[in-house]
């Protein structure tokens, strides 16, 4: 009796199949961890992993500026999606609202021209206020003043502090000087109080961090002055 190897198979005619296809397994090398994680896209994905209802809840906390509940709402999950959405919305409102306010004052509507520079200036001013300035302040607080707050926690809080201007700037479309000043001052008060109230607990632990209140107030005042004197500047026709 012919003995076939136990490792050989038979084909349909009973012949021994000696040449079996070999399966090649390709092992891919594991990616090396980046020496600079903050420079990778994966690092920033965590700041955009947020539910829509959480964004609305954080906006609500920012509007209730006198209640220090923002960090309880955020916890250990600061996000950049909310600040990005808020600042982009404000840019659109500044461009559309500023031009609409000018249109309402224009006597000859047929010769009205859009001010396209509003878009460029709005992008520069709003994104600087929402990201560049808080990053600088966050670095100062974290690495110079030795605060417990992280840089992105400051950016998150600063971005949500601007949410009140989404409503204020819509009201500023009304072409009345006194009304615009009133709405802008309300927005300034809400935004500034929100920032200072939520930073107060950290300021008490390190008295040096109280100095950060000066640039916070200064930049907020400069922001509403920019809104008023550039985007909602009211020029009335004067009869000779």
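Backbone N, Cα and C define each Cβ position, glycine as well.
It is 151-174, from the ranges 55-78, 151-174, that TrEMBL records as transmembrane segment.
Within its own chain, the transmembrane segment (151-174) is flanked in space by residues 47, 58-59, 61-63, 65, 70-71, 74, 78-80, 82-84, 86-87, 89-90, 93-94, 97, 100-101, 104, 126, 129-131, 133-135, 137-139, 141-142, 180, 183-184, 186-187, 190-191, 194-195, 198-199, 227, 232, which lie at least six positions past its ends and keep a Cβ under 8 Å from the stretch.
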